[in-house]
């Protein structure tokens, strides 16, 4: 279950950001973008995150996961397509092997939603 290791890396990344803030924020949501081709199971990632953040500054924080589809580009046909495992990810038109993945390998923090004690409105941090 590589979701456990991914969760550890996520926690370290967010902790580095959190430690760098002048006033420790109360994190509400972590918005992630995860591509279908990463083979990350969102439910498993959420479970690992919940377990590993107990009794930490991230306890109670919710993961908001946006999944991106697997999209490839066929240079022979000059078109994008959604690869399927039944076709071994080949182009459905000309059966060329998948060469150019345009979407589906993303695995990143999109933004962190948080509050400061001095503010009521949520704030967003991005560019991780």
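Just so you know, glycine gets a Cβ as well, placed from its N, Cα and C.
Feature annotations, reproduced from TrEMBL:
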type	residues	note
BINDING	2	Ni(2+) binding site
BINDING	74, 77, 91, 94	Zn(2+) binding site
Rounded to the nearest Å - Cα separation of residue 91 (Zn(2+) binding site) and residue 2 (Ni(2+) binding site): 29
Neighbourhood of residue 77 (Zn(2+) binding site) by C-beta distance under 8 A, where only residues 6 or more apart in the same chain count: 91, 93, 94, 96
Cβ contacts of the residue listed as 'Ni(2+) binding site' (under 8 Å, same chain, 6 or more positions away): 39, 40
For residue 74 (Zn(2+) binding site): intrachain residues, at least 6 apart, with Cβ closer than 8 Å: 80, 81, 91, 93, 94, 96, 99, 100
Cβ-based neighbourhood (8 Å from the centroid) of the Zn(2+) site, residues 74, 77, 91, 94 excluded: 75, 76, 79, 81, 90, 92, 93, 95, 96
Cβ packing number for residue 94 (Zn(2+) binding site), 10 Å threshold: 11
All-chain count of other Cβ atoms within 10 Å of residue 91 (Zn(2+) binding site): 21
